[in-house]
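*Asks:* Attaching a single structure in structure tokens format; questions to follow.
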Amino acid sequence: MLEAIDVSLVNWSRAQFALTAMYHWIFVPLTLGISFIVAFMETIYVKTGNPEWKKITKFWMTLFGINFAIGVATGIILEFEFGTNWSNYSWFVGDIFGAPLAIEGILAFFMESTFIAIMFFGWKKVSKKVHLAATWLTAIGANLSALWILVANAWMQSPVGMQFNPETARNEMVSFWEVLFSPMAVEKFLHTTSSGFVLAAIFVIGISAWFILKKREIVFARKSIAVAAVFGFLSSIYVIFTGDSSARTIATHQPMKFAAFEGLYNGSERAGLIALGIMSTTDTDESNQNLMDFNMKLEIPNILSYMAYMDWNAFVPGINDLIDGNEKYGIMSAHEKIERGKTAILKLKEFKEAKEAGNTELAESIKAEFQTKDFQENYFKYFGYGYITDPHVLIPSVPLSFYSFHIMVFLGMYFILFFFLSFLFVIRGKLEKHRKFLKLAIWTIPLAYIASQCGWIVAEVGRQPWVIQDLMPTMAAVTKISTSAVQVTFWLFAAIFTVLLIAEVKIMMRQIKIGPKVKEEGGHN
Amino acid sequence: MSRPNLLVRTGRFYVEGFRNMSGWGKQVWIVILVKLFIMFFILKLFFFPNFLKTNFDTDEQRSEHVLDNLTNTK
């Protein structure tokens, strides 16, 4: 283990990053989805020439604008934190992160600032078709910005396309395309953006339901719900497919995360999926406080094996298999991985000492060894394990992962039904009669945010203790600064972001109350 | 009269857009400017210095520092 690392420093640094990321993620998914909804609405306007659709487009565009403006650049604080609180990590990955984040910055700045300006200022300045193109390009630009951030995050979950250079202590990119098109990156992008579409569709339906309950703007609300329900239904079906393929990738690249969010302690062939479960609060293993059993569980046989490996009979490793190892199924124990990780760290230390002693020949031979396939696959692959002393540290919070995953999945299923009913009621013209459903639609808005946040909890808590899967645990990534400094910035952020959120909600609520009869901007007809 | 060049037209487009901005647009711009000020002139300068850039002059020194940290195990 690293010498003199304060656990509370690691925990506060993690809490600070989690807080910033979670607040940032309040703003992002709505932007990703509502930009496309607005584009669909404007397309209908351009196709039909019906001014009602223009009014609808402009109203939702306003809410998009408020959300975008309040949320824009909040993610930059995460980059500040990399440099201040996670300096070892940001140096270790610098080259890999540099390219996607630079592309994101350029895309975000040029595409979004240009096309958003046309969206808001250009109603009377450019032709209908050019304006529509700007709206579509804004939506595409916003989602492309998300792509690069998600590619960077996916690399942390499944590092590929790089070569570690002991000379610089950095991972250097050897294949940009491998980083960009890794299964983890592709699935993360598709799953995350489509979940944003679902959230935005729920937002549009919920706000429209409020108008109907207030007996205001009925035609506007019905049309908005029709577009959002179709978009939301298709997106939520797509979310299931992308979630399913993500689960398979996780089962292969992050089996511990997979076992944690499924609450699978002991692996088995024909493993069952726990559809519903309440975890016991009594620890069953005193040596590991995290291990708990279920008080109640509803298990569907064989499904987990199929979900993980597309084979009803496949063996799915559990937490205990991943810690203790399982020779029969070729699963290496945590102890073995720790030993290999220590060997890799020792080799790095030898390199450093050889360099300091001026022994260029030895330093060069160790550097060459780092580049061999054998060393990479058998030792460097487990580099991060070398910092672990207690294998149980490798188990993430199972209850948090399990409940977050199941809440996300259940809400996802509910959203499909919700979109279906929304569409059914709107095409039958019976929406106004279902007042309970309309109230439910309003309350579904926070549920969409909960599902979205749960998704990130599964992704990030489930991969603990890793900052970079298998290569760098949080304790090796953190900067040795004072814990109190991190605590101060944690509370500072909590205050600033809460004020921002309140500002957004207040400005948005005011615009919603004004309704779609908002004064035309830029003298638009 | 000849048509102004693209740069001038783009400039006018933005100027007129900002001039005719609605109430919510102005409010949002105030929030954006305050937010950016807090982020870049307060948080970045006083609370979030880049640790490696602030404490070391060259990339070589930064590498050595990280190598020290990564190999400083029991």
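Cβ atoms here come from the backbone N, Cα and C positions, even for glycine.
The following feature annotations were taken from TrEMBL:
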TRANSMEM  A:22-46  transmembrane segment
TRANSMEM  A:58-78  transmembrane segment
TRANSMEM  A:98-121  transmembrane segment
TRANSMEM  A:133-156  transmembrane segment
TRANSMEM  A:189-213  transmembrane segment
TRANSMEM  A:225-241  transmembrane segment
TRANSMEM  A:403-425  transmembrane segment
TRANSMEM  A:437-459  transmembrane segment
TRANSMEM  A:479-503  transmembrane segment
*Asks:* With pairs closer than 6 in sequence left out, are the transmembrane segment (A:479-503) and the transmembrane segment (A:403-425) joined by 3 or more CB pairs under 8 Å?
*Replies:* no
*Asks:* Who are the chain neighbours of the transmembrane segment (A:479-503) in space, where the CB to CB distance is under 8 Å and they lie at least 6 residues beyond its ends?
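*Replies:* Counting only partners 6 or more residues beyond its ends, the transmembrane segment (A:479-503) has Cβ contacts under 8 Å with 4-6, 8-9, 12-13, 15-16, 19-20, 23, 26, 70, 74, 77, 84-88.
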*Asks:* Pairs of Cβ atoms less than 8 Å apart decide it: which stretch in A:22-46, A:58-78, A:98-121, A:189-213, A:437-459 has the most with the transmembrane segment (A:225-241)?
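*Replies:* By the under-8 Å Cβ criterion, the transmembrane segment (A:225-241) pairs most with A:189-213.
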*Asks:* Ranking A:22-46, A:98-121, A:189-213 by the number of C-beta pairs under 8 Å to the transmembrane segment (A:437-459), which range is first?
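*Replies:* By Cβ pairs under 8 Å, A:189-213 leads among A:22-46, A:98-121, A:189-213.
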*Asks:* Near the transmembrane segment (A:22-46), which residues from the same chain, at least 6 beyond its ends, have a CB less than 8 A from one of its CBs?
*Replies:* 53-54, 56-57, 60-61, 63-64, 67-68, 70-72, 74-75, 77-78, 128-129, 131-132, 135-136, 138-139, 142-143, 146, 193, 195-201, 203-204, 224, 227-228, 231, 235, 449, 452-453, 456, 493, 497, 500-501, 504
